[in-house]
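> The annotation motif 'Nuclear localization signal' is assigned in Swiss-Prot to 62-103 on the grounds of similarity to another entry. Among the features that Swiss-Prot reports, active site, charge relay system is placed at HIS144, ASP166, SER218. Swiss-Prot lists PHE191, TYR192, ASN225 with the feature site 'Involved in dimerization of the capsid protein', giving experimental evidence as the kind of evidence. As annotated by Swiss-Prot, topological domain 'Extracellular' applies to 268-696, 752-764, 806-1218. Marked as topological domain 'Cytoplasmic' by Swiss-Prot on the basis of sequence analysis: 718-751, 1240-1244.
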Amino acid sequence: MNSVFYNPFGRGAYAQPPIAWRPRRRAAPAPRPSGLTTQIQQLTRAVRALVLDNATRRQRPAPRTRPRKPKTQKPKPKKQNQKPPQQQKKGKNQPQQPKKPKPGKRQRTALKFEADRTFVGKNEDGKIMGYAVAMEGKVIKPLHVKGTIDHPALAKLKFTKSSSYDMEFAKLPTEMKSDAFGYTTEHPEVFYNWHHGAVQFSGGRFTIPTGVGGPGDSGRPILDNSGKVVAIVLGGANEVPGTALSVVTWNKKGAAIKTTHEDTVEWSRAITAMCILQNVTFPCDRPPTCYNRNPDLTLTMLETNVNHPSYDVLLDAALRCPTRRHVRSTPTDDFTLTAPYLGLCHRCKTMEPCYSPIKIEKVWDDADDGVLRIQVSAQLGYNRAGTAASARLRFMGGGVPPEIQEGAIADFKVFTSKPCLHLSHKGYFVIVKCPPGDSITTSLKVHGSDQTCTIPMRVGYKFVGREKYTLPPMHGTQIPCLTYERTREKSAGYVTMHRPGQQSITMLMEESGGEVYVQPTSGRNVTYECKCGDFKTGTVTARTKIDGCTERKQCIAISADHVKWVFNSPDLIRHTDHTAQGKLHIPFPLQQAQCTVPLAHLPGVKHAYRSMSLTLHAEHPTLLTTRHLGENPQPTAEWIVGSVTRNFSITIQGFEYTWGNQKPVRVYAQESAPGNPHGWPHEIVRHYYHLYPFYTVTVLSGMGLAICAGLVISILCCCKARRDCLTPYQLAPNATVPFLVTLCCCFQRTSADEFTDTMGYLWQHSQTMFWIQLVIPLAAVITLVRCCSCCLPFLLVASPPNKADAYEHTITVPNAPLNSYKALVERPGYAPLNLEVMVMNTQIIPSVKREYITCRYHTVVPSPQIKCCGTVECPKGEKADYTCKVFTGVYPFLWGGAQCFCDSENSQLSDKYVELSTDCATDHAEAVRVHTASVKSQLRITYGNSTAQVDVFVNGVTPARSKDMKLIAGPLSTTFSPFDNKVIIYHGKVYNYDFPEFGAGTPGAFGDVQASSTTGSDLLANTAIHLQRPEARNIHVPYTQAPSGFEFWKNNSGQPLSDTAPFGCKVNVNPLRADKCAVGSLPISVDIPDAAFTRVSEPLPSLLKCTVTSCTYSTDYGGVLVLTYESDRAGQCAVHSHSSTAVLRDPSVYVEQKGETTLKFSTRSLQADFEVSMCGTRTTCHAQCQPPTEHVMNRPQKSTPDFSSAISKTSWNWITALMGGISSIAAIAAIVLVIALVFTAQHR
C-alpha cells in the first residue's frame, strides 16, 4: 500500500521533518481511500480466487501463510498505578493450531450406514485393495479388487463371478442378513452420499463435484438418505470440474447395469510391479534412472523389461525425471527416445531407388471412412532436439555424416492422384484422407527441392453400409463403423524399435602425408577398425593416429554413441546386440464410431394378388436384399443402379425386403382372390383356383372322373340286370314274362321288341304303369340325396376348437411374435376369466465355444544381421510362422553400408515372422463352434385386470414366476436352429461357414492366422513366407508371402445370416442368439392364483343371439357382429371366442338388462362358424365372409383357418348335389343288378 495514504486501521503516519510554520493552504479535496475500501477490495479478490480454485479438477491444499509480525507502535507513557501484566489474548493475525475438519452431514450419514455393512479387502501385506458390501443376502465386491475380506465370517467365502460385469458375489451368512443393505432402483437427479461426502447424479452419470476419491475406493456404496444402496463404485475418471464415476446400478427388474466413462480407471489399489536392471529389482513406477540423466542406461533398462506386463508404467516413469526443485516442464513423450533415419525407397523423384528421409514403411487402410494411417522414416511433431513441437518435423539429412535436420510440417505432403488432407500426426505416424489413386507419394521440401517416395497401392472411395457412396452425405442415418482415433494419446499397439547398427562414416577418417587419423566430432565416441597387416580396433574421443596404416580405405570409422532408438526397418543393419529391442506405442488406434451414410429414396410399391412390384431409383449402387419368412427363405441380393422395377411373390408367411440403408420392411399376403365363394359354380371355381390352384384342379378332376365312372357303372349295371332277367324268357318259346320283370325291364310281354314299342304299349293299355315306370328312377335319386344330406356332418373333418381347461390351465400358443392368443378359463362357481398370452420374443440361444479369432496379420521384417568374413546360424524362432535363412557371399569388399573387408565370405541372416495386426483388437472375426441350443421366450400374460411379463425357458421343466402366477412352457413343437455347427461372427453379423480347425490354417484362406484372443500368446500362422536372396546393391530383406485370408474372406463372405435365416429370425450376438423366430407352437401351463377369480356376481344373460352384419376375411378385425341379449341385471361381462377360427378384439363389454352390443372380430375363413360366450352364456355365429380388396398388409394374420371353415357352405351344397345325384344313380343301378341276380337265381 502506498505510504502517502493514511490508514486508520494500521499504524500511525510517518513523522514529518521540522519546517517553519506557515499558514495552511486550503487544498482541493482528494478522494481518500479508507481502510474499509481496502478491505472490500481484498475480500473481492479472495472470493474470486476461491471460485476459481473450486473450478479446478482437484482441490489443492491452501498455502501455509506465515504469521504476520505485530506492528511496532509508539511506546505509551507509563502510569503510576500500573496493573500486573496479564496473558495476552490471541489476535486475528496470530497463528492457530490447525484443527481436523469435521465431517459434513452427508459424510456422517454415509459413515454411520457403512459401519457394519462395508468390509475391507486386503492383500497379503495387509494393504487395503478395495471394499465389499453386504446387500440383499449377498456379499458383493468388484472383481478387480483382489485380496481377502477382513472379516472372520467372510474371509473364506467362495465368490461367483458375474456373467455380465466386473462383479462377483457370495452368499451372506444367515446371522448377518439382518444387517445387510437394501438397494433401490430409483435414481432421481439429486445428491447422494458416500464415504467422502456428496455424489451428484445428473444426466445419467454419477460425479463427485469436489474430485475426492481414488485408488482403494473401489467397492464403496453410494447411498440415499434412507440408507439404501443406489450404486457401487468401480472406478473414476478425472474431469473438469470433479470426477466422473464408473458404477453399477440396478433397473426396475433388478438387473445390474454398468455405467462407465471412456477414460475410467479402476480404483483398486494395484500391487506394485517389480522390474529388473543389471540383476537389481526396483518398482517399475520408480526406476533408478531416467532418460534425461542417463540415456544409454535408460534404453538398456527398457530393452531388458520389454516383455514385462508393466512396461508402459516403466516407460512413462523413464520419461519423467522427478526432482525436488521445481523446473520448467518440457514436452516429453515416448518418441523423444527415437530418431529419424534414412530408408530405402524403391521409387524416388528420379523413378529410381534411393535412401529417402521420408520413406513409407507401412500404410493401414482399415478405416471405413477412407482415412489412411501411414508410417514414414521422418518424425512429425518434433523439432531437431527431439522436443515436441506440433508445427515442426525432423528428418535425417543426406550429408556425410548424416545429420538430423528440421523442417516445417507445411513442407510435408501426401499425394495420391491429388493432394491428401492432413488430419493429425505424431512421431513416425500420420493420418490423412486421400482421393482415389493407384499409388501413395510422400513429399518433403528440403532446401528448395522436393524429396519424394512413392509406393504402389490402390486407394479408392470406401463406404460403409449398403450404399456405395463416394462422398459422405451431410444428412442421413448413423450406423456403426471403424475410424482412426485422431487424438495422439491413445495407443493402437506397439511398434518394434532397436538401436541402430554400426554405420561406417567416411568423414571420420583422415589421410595426411601417408598417415591415417581418426577424427571424431566434438562430444562423440568413435570406434575404428583397420586392416593394416594386423587387425586393429579401438574407441577414441579425440584425433588419433593409426599406426601402420597408410591409406584411408584400409580403415572404417563407426559412431559408438547409440542413445536413440530407430524403427526396426529391414533397410538398416541390426545392432551388435541382436536380441535387445524396445517398443513404442502406435498412435491413432482403430475404434468403433458412428458414420453418417445416405438413405436411398423410398421405393414405389404396387401390390397385386400375392405379389408386389418395387420401383427403385438409385443415384449410386444400392443393395436390395429380400427373403421369405417361411421355412424356405429364398434369399436374394442385388446391387442396383439407376431406375429399375423388380417383382416379387408374397406368401401368407410373409416377405421381407431391405432397400439400401433403409430399415427392413415386412409384408404379408392376404387371401384376396377374384370370384365369389358364395356364388355360382363358375364363380366358386374361379375364387378357389386363385387361392389353391393345385387343389382346385385336383378336386375338379376327381369329381369329373367320379361322375363319368358313376354314369358308366350305372349303365353297365342296368344293362347287365336287364339281360340276365330277359335271357331265360327269350330262350323259351311262347313263355309268359312276369308282370314285374316287364315293368322293371321295360319289356313287352307280347310282341314288343323296342323300348318305344314297350312304352307305347303301356301308354295305350295302362297309363298308370307308364307313369310308375318313369317315377321309379326319380324317387331313387331323391331318396339317395336325402340320405347324403343327413350323413354330411359325419363326412366332413373339422378341427376341434382350442379351449382352456378350467383346472389345468393348459393352452397351446402359436409361436408367432407379437401375435396374441386368447382363451377363457371357466371355473365352476366363479366368473369366467379371460386369459390372453402374447409371445413378445422367442430366443434360440445355442451353447457356443470359441475356437479362435483371426484378423489381418502384420509381417515383422527385422533389420538383417550381417556377418563380415564369416557365417551366422539361424536361431530357434518362437514367433508365429517364423522363417529364417542365411545367404552367403552377398556383399562385395567394403561395399556401402556393410563395409566388410572380405570379398565373398560375407553373410546375411534374414528372418521374418507374423504377428496380429495392431488393429486386430477392433477388426477381427471369431470362429465359433455351435452346440445344442436352448429356447427362451418372453411372454406377456393378461388374466383379468392383471398383466405380467415373464422370461421362461421353453423346456417343459423350468418354471417362471411373476408374483403369485407360475408358468411352465415347452418344449417347442419343432426343433429348429438357424445356426450350423460352425459360424463366424464379424462386427455383429453371423455367417454360417465351415472354417478350418485350430492349427490347420491354409495360406490365403480364412484362418491363416489363429489366436485364442487378441492379447493371447498362442498365435498360429501359415502365410507361406519365402525369403529371397538379397541383391548386392543395397541392404534389404526380399520375400514373398500369400495375401491375407481374412481380407479375402471379408470380400467374399456373402450375405449374413440375418438376411438369409428362415422363419424371419433376427440373428444377434453377445450372446449369440436368434430372436423372433416364428416357428412351431408353444405349449404353456399357467397356474393362475385364486385371487384372480371372483365368485359369480356377474349378469346372467338368458337370451343371447349372434348376428354377423359384415365380414371380410384375412384382414385386421374386418368382421362385425351384433350380440342381442336379455340379462337379469346390468354389469360387466367377459366375451370370448371359443374357436381359433375367429378372434375377438374386446375381452369384455358392459351389458344392460336388455339390448345389444357390437363387437369386431378377425378371421381367415370364408365360412366362419364360431361359438361366442358372454358371461358364461354361449351362442353360435355364422359368417359368410367376402375376400379383402387389399392384397398385402404389414402384419401377420391373427387367426388360423380349419378345414370346415376354409370352404363355404355354398360350395359344399354344390358338391353335395352333384356327387349325390351321381351316387344315387350308381346306387339304384347296383340295387337293380342285385335284384336281377337274385331273381334269375331263383328260376334256374
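Here the Cβ of each residue, glycine as well, is placed from N, Cα and C on the backbone.
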> Can you tell which of SER218, ASN225 has the most other C-beta atoms within 10 Å, given these are the recorded positions?
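When each Cβ's neighbours within 10 Å are tallied, SER218 tops the list.
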> Just checking: which of HIS144, ASP166, TYR192, SER218 have a Cα that is within 10 Å of the Cα of ASN225 (site 'Involved in dimerization of the capsid protein'), counting only these recorded positions?
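Within 10 Å of ASN225 (site 'Involved in dimerization of the capsid protein'): TYR192.
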> Need this for a regression test: recorded positions HIS144, PHE191, TYR192, SER218, filtered to those with Cα within 10 Å of ASP166 (active site, charge relay system). What's left?
HIS144
> Which ones are near SER218 (active site, charge relay system): of the recorded positions HIS144, PHE191, TYR192, which have a Cα within 10 Å?
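Those close enough are HIS144.
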> Round to a whole number and give the Cα-to-Cα distance in Å for the pair TYR192 (site 'Involved in dimerization of the capsid protein') and HIS144 (active site, charge relay system).
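Given the Cα positions, TYR192 (site 'Involved in dimerization of the capsid protein') is 25 Å from HIS144 (active site, charge relay system).
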> Between 0 and 100, where does the mean pLDDT of the motif 'Nuclear localization signal' (62-103) sit?
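Mean per-residue confidence for the motif 'Nuclear localization signal' (62-103): 43 out of 100.
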> Enter the number of other CB atoms within 10 angstroms of the CB of TYR192 (site 'Involved in dimerization of the capsid protein').
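Other Cβ atoms found within 10 Å: 21.
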> Within 10 Å of the Cβ of PHE191 (site 'Involved in dimerization of the capsid protein'), how many other Cβ atoms are there?
14
> According to DSSP, folded down to helix, strand and coil, what is SER218 (active site, charge relay system)?
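Its secondary structure by DSSP: coil.
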> Express the distance between the Cα positions of HIS144 (active site, charge relay system) and PHE191 (site 'Involved in dimerization of the capsid protein') as a whole number of Å.
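So the Cα of PHE191 (site 'Involved in dimerization of the capsid protein') lies 27 Å away from that of HIS144 (active site, charge relay system).
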